[in-house]
Structure formats: structure tokens, C-alpha cells
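Contents: one structure, followed by commentary.
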Amino acid sequence: MISNLRISNYFIIFYVLFLIIPIKVTSIHFVDSQHNVILILTDDQDIELGSMDFMPKTSQIMKERGTEFTSGYVTTPICCPSRSTILTGLYVHNHHVHTNNQNCTGVEWRKVHEKKSIGVYLQEAGYRTAYLGKYLNEYDGSYIPPGWDEWHAIVKNSKFYNYTMNSNGEREKFGSEYEKDYFTDLVTNRSLKFIDKHIKIRAWQPFALIISYPAPHGPEDPAPQFAHMFENEISHRTGSWNFAPNPDKQWLLQRTGKMNDVHISFTDLLHRRRLQTLQSVDEGIERLFNLLRELNQLWNTYAIYTSDHGYHLGQFGLLKGKNMPYEFDIRVPFFMRGPGIPRNVTFNEIVTNVDIAPTMLHIAGVPKPARMNGRSLLELVALKKKKKKHMTALKPWRDTILIERGKMPKLKKIRDRYIKQKKKFNKENRLSKECKRRKWQRDCVHGQLWKCYYTVEDRWRIYKCRDNWSDQCSCRKKREISNYDDDDIDEFLTYADRENFSEGHEWYQGEFEDSGEVGEELDGHRSKRGILSKCSCSRNVSHPIKLLEQKMSKKHYLKYKKKPQNGSLKPKDCSLPQMNCFTHTASHWKTPPLWPEELGEFCFCQNCNNNTYWCLRTKNETHNFLYCEFVTEFISFYDFNTDPDQLINAVYSLDIGVLEQLSEQLRNLRKCKNRQCEIWSTSQMLRSPKLVDLRVNEKSFLTYQPEKT
């Protein structure tokens, strides 16, 4: 009996060991399979304006030897909120860093979210972690965030010279000497030093490194050896460049006019400087991968390259900046390479900054925390491989993401907002309102381009004063008779809107120091505005200041502009309530290429407090659109299949049922938590047969169509 009991006990022990040993072996195998992981993050780098075309080394290393995600997006086009998303894997409404000020390294961030960053998770998984470069905009350098073994972060925002860093707990100050102070090179040098030292001393331990470059963020100081490059480069002039004003878009763009020659010169020079700063990043990437090759670590290292958001330079008349829910601000470079990642391949599926944290943890063999909202990119790679082999066991990839900026209050029902907006922007209503103005009811006097008249059907119609139009207008085209009246109404309303904005001083760009006298000069010509611009092509009507330039030679205009004026808009006056404005002067840039003094200075308002929105960005085999709701109750919809530059707000062409479904999906994504966000990131409704075609024909509500070529 005792013998049988012993045998039974031995059997139990053997059975328990049998259960335990595979677990331990699996665990060891999991740790042994951990790879090094590097995240390379740039600051304000676009993809829409062509910046990657000027980084050949990075393109070869990351694109040709890795995978490009052509639909790489950020879920918010603002620095600190986007970076907080990258570090946590959370949407903005879950980490509550809504702006570059509010909670950017604030109390909630430090007490809650910073303690659950990818650095903490990777460190706990046995990685040696390092962070170098820009952290968050309001980081004051007084502490080292949890999770980082090696820490070299700039205090506050990006700079290239004259900055302070927290280097492993010690504050370091840097000057203006290129060889030892240039921040981009310093980030590269210290990153290489970290890798080299780590591999030589701790080769058995995987490392995780975030390299956060300042380029091409302002003040856009290029390294001296690159300051001569890219003269006359204008790749930033996309289809939406200087397409303004836009009465069918949100409040700010309704009040942003076309750029004049000085503004255009500014965007050209700023684009050039941005590309120049990226050359140091390009060299740094090459040096980084050369070192990994020398240390025999390429086979064992994953790398991700992306930016915190995009940028605009003249798009829709906006001189510079981010913050907008358009492709140029939300779409970013997005590349990945490493073991098992296909080479020289492009994926079109939507990926975002919310996916970076889950991806880095997946590489480390760490299960994704339930709180994270994104998904590992390795799952997408596996899914593509499975599809290629006709295996569909994995969950399908998303086709929709949330784009958000700021806190959204409770709004009225979408149907009520839509009807109100549709009524406001209806052509007939707008035509009636405009034609009631006395100046359009008078007979065709010299210089007048349009006349309104009332028909027997009690409707306003417009009459073109043909004797006052130039026969030399190259922009005028022969049109079909059936479309003649409707096209004339389009042209008239566009012209009237632009004139109304200019007469009302509502243009939020280009206020020069001598704006007082420019305004007086314009006042003398307002009654004759038609004389100044008889050839009124809707896409070529200029900013009001441009009208003065048309009457003055360039030499005289520059001389006139430099002369001090009474009542001028001084730099300290460059502000408007609820607006974010800046003054550009010749002293703004300290390094070549410099702003020509003869072009003077100007004020520009690039953002406003009511530019708060939540959007759906959807892209799949049948649909490709952006749907947005603004805090002002404004609604917009852009169909990329027919309008890739987002020139037309086509919301009035949507069926009300589709609109309500889009609004419902947006509402659910706005409040999603944890893994719910992935559930609401699939547009199931768009697969309904009756909703395959999102649009219906309501031509009278398509307010501003671009000229057909």
C-alpha cells in the first residue's frame, strides 16, 4: 500500500513537472527571442509636401529595405498630444493631453499616464531603455520620467542652438557653435554612443531606443554645410496650395485669403530651410545603421521611422503650421524594417501613432495592456502574409481612425446641424442675400462686373456686365448653354465672398507694418475694384493687399512698404481675440539662408480657438473620405476618390441617413476606451448594399467647385 502511495505521489510530481517545464521553456524562448527596437521620431515632418523625396539615405534604409505604410496618420496634428499618444498607445480623449499646454507634463500626466509609458513596460520586460532628443513641449527638465535608463532630453520645445538638456539628471547648457552644440547631430552622436557602449558591455540584453530629432521644427536652423541647398525648390506647392478663400470650409478658412508675393516668398524659403534641416537627420540615419551593421545587430533590430504630425506651407492660403484636419497635417512618413518585415513593399492600410506602443511591446514579447487603443503593426504584417497564402484566421485590419483636436462638448443632433448649415450655404439663399445689396442692383456702370435682377418667378438671378470684362482673360472657357446660368452664379458668389471678406478686413494673414496706409490706399479704390481686376477668374482673385501691388512697380512697392507709417500694426499689435498669431521679421532666423530685409515683416494668424473638431478618416477598397464635426457645429466631408486635394466640402451631397450613421460612429469613437476603439474602427455600415454610394446628386449645394482644366 505504501509502495502504491509512493508511486502515486511520484506520478503526481512527474505530472506537475510535465505541466511546468513546457511553460518555463516557452518563457525562456520568449525572452531569448526579444529584439532590439528603435523608434526614430522627427518633429513636424510632412509627407504630402514631399520631404521624403529629399532624404535619399533614409529612403534607401527604411523604404527599400523595409515597408512603407502609405496611409500613416497621427490621431491629432499637435505636438504634445501626438507624442503623448505615441508614448502611451492611447487616443487623446483617454490621456487628456489636448494641447501643447494643457496637461502637457501636467499633474495627471505625471501621476497616471507617464507611469504607464512604453519605457516603463519595456524596462520591466528586461530591456535597457534610452530616450534622446525632444520629449514633450512643456517638459521643464526637473526630473527623469520613469522607465528610462539613459535620458538626454531638451528642456521645453525644439531648438538647434542655445538650449538646455537634462542629461541623466544633470542640466547641461549648450551654445551656438555648430561642431559641439547643433542639436540634431548631438542627438545622433549620443544615440550612437549609447548603442556602441551597450552592445560591447551588455550584448546579452536587448535595448529600446527612442531618437527624437528636432528637425524640421522651427526655428529651422540648418547645418552650415547644407544652407546652400534646394534653392527654388517648390515641391510644397500642392493642389490645395494658395487655394483660397474657402467659404465652404470651417470658420478660419472662410476668412483666410490668397497669399501675396511676400507670403509666397516666405513659404518658399521656409520649405527650403525645413528640407535643409532634414539633411542632418538623413546623415544621422545612415550613421546609425552603419553602426548597427558594424556591431552585427541589423538582423536583431527593428526600427520605426515617423513624425509627430505633418505640416502646411500655403495650403488653403495658410502660411505655415499644423492643427488642421487635412492630409497635409495628419498624414506622416511611416516606415518599418526588421526581422520578418517585407522589403521594398508598401501597405495601404491605415496605421497611426496609436499603434506604435503596441508594436514596440509586441517586438519585446510583452502582451498589449488592455488600456491601449492601438494594434501592433506586426499583426498587419502577419495578416498580409496570411492573405497572400489565402489564410484568414487573423482579425481583419481597421479601415477607420479617429482624428481629434480639443474637447468636444455635447452638440445638437446631426440632422439639425446639417439642415441649419445647408440652409446657410444654399446657393439660392446666398444669392438672395448678396443680391439685396445695393451695389449689385445698379446698372452696369464702368468697372462693374455683375448686376442682380429679379425674375418673374420671384427669384434672384445675375447678369454679367460683359462690356466691362476683358476679352484677353485666358482663364475664361467656353461652356455648355445648359450650365451657363449655374456656372455664372458659382463665379459671382465666389467673387462676392472674396470681396466681402476683403472689405470687412477679415483676412487673417499678411498684415504688414504699413497696413494703415495700405488700407487708406485700398479705401480709395474699393468703389473701382472691378477696374483693378476685370478678369475675375475665381481661383486667381488676389488678396486685397495684392490689389495695391498691381498698381505699383515692385521697386516702388518695396520702398513704400519700408517707410514707417502712423497707425501701423506693430509687432506687439499682432494679435486678435481667440486667435493664434505671429509676426515674421528679418530677425526671426539667425542662420542662413536669411529672410531678405527688403521684404519687410508681416503678421499672420494661423489658428483659432474654435478650430476644434473630431473626424473619421476612412480608407478601404471602396471608400476614401474624411468626415469632420466642429465645435462650431460645422460639418465637412471630403471624398478623396473624386477630390484628392480636399478642395470641395461635399457634405451637402450626402444622404441624411449616411450622415447620421457617420455621426454615430464618430460619437462612439470619441468616447471609446481600451480595446473598444478597434471595434468602432471598422466601417461595417459602409458594407450595406444600399449605402455603397455615399453621395447623391444635389448639385445646388456643392458651393465652390475648382475650375475644370
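Every residue, even glycine, has its Cβ placed from backbone N, Cα and C.
Annotated features, as they stand in Swiss-Prot:
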SIGNAL    1-27  signal peptide
BINDING   ASP43, ASP44, CYS79, ASP308, HIS309  Ca(2+) binding site
MOD_RES   CYS79  3-oxoalanine (Cys)
ACT_SITE  CYS79  active site, nucleophile
CARBOHYD  ASN103  N-linked glycosylation site
CARBOHYD  ASN162  N-linked glycosylation site
CARBOHYD  ASN189  N-linked glycosylation site
CARBOHYD  ASN344  N-linked glycosylation site
CARBOHYD  ASN468  N-linked glycosylation site
CARBOHYD  ASN500  N-linked glycosylation site
CARBOHYD  ASN540  N-linked glycosylation site
CARBOHYD  ASN566  N-linked glycosylation site
CARBOHYD  ASN610  N-linked glycosylation site
CARBOHYD  ASN620  N-linked glycosylation site
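Taking the features listed in Swiss-Prot, we show where each one sits on the structure.
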{"residue": "ASP43", "record": "Ca(2+) binding site", "DSSP class": "coil"}
{"residue": "CYS79", "record": "Ca(2+) binding site", "DSSP class": "helix"}
{"residue": "ASN103", "record": "N-linked glycosylation site", "DSSP class": "coil"}
{"residue": "ASN162", "record": "N-linked glycosylation site", "DSSP class": "coil"}
{"residue": "ASN189", "record": "N-linked glycosylation site", "DSSP class": "helix"}
{"residue": "ASP308", "record": "Ca(2+) binding site", "DSSP class": "coil"}
{"residue": "ASN344", "record": "N-linked glycosylation site", "DSSP class": "coil"}
{"residue": "ASN610", "record": "N-linked glycosylation site", "DSSP class": "coil"}
{"residue": "ASN620", "record": "N-linked glycosylation site", "DSSP class": "coil"}
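Note on proximity: of the binding-site residues ASP43, ASP44, CYS79, ASP308, HIS309, the one nearest ASN103 (N-linked glycosylation site) is CYS79, by Cα distance.
There are 19 other Cβ atoms within 10 Å of the Cβ belonging to ASN103 (N-linked glycosylation site). Cβ neighbour count within 10 Å across all protein chains ranks ASP308 highest among the binding-site residues ASP43, ASP308. Taking Cβ-Cβ distances under 8 Å and a sequence separation of 6 or more, the neighbours of HIS309 (Ca(2+) binding site) in its chain are ASP44, VAL74, THR76, PRO77, ILE78, CYS79, SER82, LYS322, ASP329, ILE330, VAL332. Checked against ASP43 (Ca(2+) binding site), the glycosylation sites ASN189, ASN344, ASN610, ASN620 differ in C-alpha distance, with ASN189 being the nearest.
The separation of ASN620 (N-linked glycosylation site) from ASN162 (N-linked glycosylation site), Cα to Cα, is 47 Å. A Cβ within 8 Å of the Cβ centre of ASP43, ASP44, CYS79, ASP308, HIS309, the residues given for Ca(2+), is found for these other residues of the same chain: THR42, GLN45, ILE78, SER82, ARG83, HIS217, SER307, LYS322. In this view, ASN189 (N-linked glycosylation site) is surrounded by 15 other Cβ atoms within 10 Å of its Cβ, with every protein chain counted. When the alpha carbons of ASN189 (N-linked glycosylation site) and ASN620 (N-linked glycosylation site) are compared, the span between them is 42 angstrom. Cα of ASP308 (Ca(2+) binding site) to Cα of ASN610 (N-linked glycosylation site): a span of 22 Å.
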